[in-house]
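Record features, source Swiss-Prot:
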- 1-19: signal peptide (SIGNAL)
- 25-88: region 'Disordered' (REGION)
- 25-40: compositional bias 'Low complexity' (COMPBIAS)
- 50-88: compositional bias 'Low complexity' (COMPBIAS)
- ASN112: N-linked glycosylation site (CARBOHYD)
- 114-670: domain 'PLA2c' (DOMAIN)
- ASN156: N-linked glycosylation site (CARBOHYD)
- ASN174: N-linked glycosylation site (CARBOHYD)
- ASN354: N-linked glycosylation site (CARBOHYD)
- ASN391: N-linked glycosylation site (CARBOHYD)
- ASN510: N-linked glycosylation site (CARBOHYD)
- ASN515: N-linked glycosylation site (CARBOHYD)
- ASN560: N-linked glycosylation site (CARBOHYD)
- ASN577: N-linked glycosylation site (CARBOHYD)
- ASN597: N-linked glycosylation site (CARBOHYD)
- ASN625: N-linked glycosylation site (CARBOHYD)
- ASN631: N-linked glycosylation site (CARBOHYD)
- 687-727: region 'Disordered' (REGION)
- 687-721: compositional bias 'Low complexity' (COMPBIAS)
Amino acid sequence: MKVNLKLIIGSILISQAQAIWPFDSSGSSSSSDSSPSETGSSGGTFPFDLFGSGSSLTQSSSAQASSTKSTSDSASSTDSSLFSSSNSGSSWYQTFLDGDSGDQKTDYAPFNLTCPSKKTFIRTASELSQQEKDYIHKRQETTNKNLIDFLSKRANLSDFDAKSFINDNAPNHNITIGLSFSGGGYRAMLAGAGQILGLDGRYEDANKHGLGGLLDSSTYVVGLSGGNWLVGSLALNDWLSVGDIVNGKSTIWQLQDSILNPSGMRIDKTIAYYYGLAQAVQAKEDAGFQTSVTDTWGRALSYQFFEEDDSGTGGANITWSSIRNLSSFQDHSMPYPIVVANGRTPGTYIINENSTIFEISPYELGSWDPSLKSFSNIQYLGSSVNNGNPNNTDICVNNFDNAGFIMGTSSSLFNQILLQLDNYSINSIIKMILEKVLTDVSDEEYDIAVYEPNPFFGADSAGIKSITTNDTLYLCDGGEDLQNVPFYPLIQNKRGVDVIFAFDNSADTNSSWPNGTSIQETYKRQFSKQGKGTPFPFAPDYKTFLDKNMGDKPVFFGCNSSDLEDLVAWHENDKINVTDVPLVVYTSNTRMSYNSNFSTFKLSYSDQEKFGAIRNGFETVTRNNLTDDENWSTCVGCAIIRRQQERLGEEQSDECKKCFQEYCWTGGFKDAASVSSVSGISGLAAKTHTSGGTSSTTQQTSTTTGSSANGGSSSTGSSSSSKKKNGGDLVNGGVPSSIFLVFNSLLGLIIAYL
């Protein structure tokens, strides 16, 4: 904790420098701004005054923003010397240095209790856990009813009896829908917020002009990194609707000030904030547990993701497993939430397709991959075990699975900065310093989350013993293997997912738009030892993705299961049928009414930016409020029922065939991302369709240009030309924010050597 505390002290010092930093520390030169009240092609302002909803995003947020801003302004303008007059002459700084905790809480620390009578905490990953089975069984009683309603009213399929189709076939198979939200920092959280809002039947405008009811019909929801900030913060706030955030009923996601400097110029409040973080993490260390920067990062995130209570501890005592106790979970009104993270071996920087992918649910942490093939009870993380059996039945641990820590685990940023440093336009001398600092930080493993004791120590089902012989389990950002859209939990055959709605808000190009890398990498992974047994539809490489403008509108992958016969056969698992491979409905972040291509490392957002990104996300998933395609909801209905129709041998309707002609990518092995090095796969080239056709090629590209609100350089919102030019380059924005993160570490390291 000594170095960790010094890093925090460094953060305090450097956070104050933001006031005089010569660049925009909250913005990205790769993102263009436009007002959220700006009229898009749909006309009207979000949320849809045009349609008579009687509410305006600008209006609904203005009171809240004004209240927040007045507090912030008064805090920053009352005393130009950075100190509140109430603290004048006081020894707040001495209190900090002396370590007087005042009334700060330490609920973050895990604590001991007697072990439960069940003596083993791990199981082999051969089936779903009984708890998940029970939840899904009850959840699908609800989703079936909601899906009947969605297909009948929203999709309005012709000559289709939704009630009999769903109910008559339920004894054999319930249609299972999974939602997958990509990583990408606050950009992904906010764009994803608009996308999930467009599916939410609790939000009236989604029912009138979107896909309202689809969220209510979904069985699973998965998030990674920034996408998990979305999923986690909604789930842990008792399945909060984004509509309540938009309308000011909830005060979470206050992003006006950077997470590094949430109190603006009030250095006394900043000191108290960082001291609270330090004290919480120190309490965990004092309890005998190793900590890392992820602990501090997770605690900081919690202040933004949870409503403040009287204790003022910012969710310090909220655990991931406590989702089980929420009313929306107990009545099965929320989809089953899952987080994705990666295993990261200490000393490594690059995580390839053979990495171990972990998933975290309200009940378990573990991996289906053959390298581990085990799951552990998340409630007892931190307990010392051997093959899941407590080493001391009198002492088990609770509270290790802090919600902020779990969300921080899935979004560690430091290794990402190191991996992408060459893509930043930084002065060579500064770059040399940063490389040295980042190497030192990475060498000390500050960029990962530390799970010690290792919950899988001695696990006998693991294929790679190095995971189970180490006292510590190391996890990191779920997108570091380039699978930034978390498909992994949803392609496990045991879950029986029919269709995945994937929302890609990645920053693959220099302009911070997606280029299909995520879906390409998941497709390729199935041909590795780790991925064998998880068939995934053919997917194009990023060049094809850009050439065909596939980011401009949704694309369906794996439309016809008959095209996947040889692909499934390659997996050599007779328990997997072609209809078990989910159809993927892929939606990319693209400009509709707002340039939401912010840097991943942008750490503060004005209300204009926040609500502009949410609005734009809503429009991407609803095809611009159904104005770009009035039949979009019908086509979504066709995608949902496709696999069940194929199981039953039912012919697709003419209207669904028309939808598939419009949205399906029909490329086969020859058109897909290259996997030429994979043994035994070459025969597929001659056996699959090679048209690669999709009418996405005819979609006009958006080339609206917006200017940055802060007077910085502007960039085009094009989803085609700019992406083609940039190809597969990594994000090149947000340098100031990244530098602040790096300088936090730099100052901490300097202090460490004093």
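Keep in mind that glycine also has a Cβ here, set from the backbone N, Cα and C atoms.
As the structure is a computational prediction, the values presented were derived from the model and not from experiment.
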Among ASN354, ASN577, ASN597, ASN625, which are recorded as glycosylation sites, the nearest neighbour of ASN391 (N-linked glycosylation site) by Cα: ASN354
Count of other CB atoms lying within 10 Å of the CB belonging to ASN510 (N-linked glycosylation site): 21
Those residues of the chain, 6+ apart, with a Cβ under 8 Å from that of ASN560 (N-linked glycosylation site): GLU646, THR666
Spatial neighbour of ASN156 (N-linked glycosylation site) that is closest, considering only the glycosylation sites ASN112, ASN510, ASN515 and their CA atoms: ASN515
Glycosylation sites: ASN354, ASN577, ASN597 - member with fewest neighbouring CB atoms within 10 Å: ASN354
Residues near ASN631 (N-linked glycosylation site) in space but at least six apart in sequence (CB under 8 A): GLU655, CYS659
Nearest of the glycosylation sites (ASN354, ASN510, ASN515, ASN577, ASN597) to ASN174 (N-linked glycosylation site), judged by Cα-Cα distance: ASN577
Among ASN112, ASN354, ASN515, ASN577, ASN625, which are recorded as glycosylation sites, the nearest neighbour of ASN597 (N-linked glycosylation site) by Cα: ASN515
Cβ neighbour count (within 10 Å, all chains shown) around ASN174 (N-linked glycosylation site): 21
By Cα-Cα distance, the member of glycosylation sites ASN510, ASN515, ASN577, ASN625 nearest ASN354 (N-linked glycosylation site): ASN515
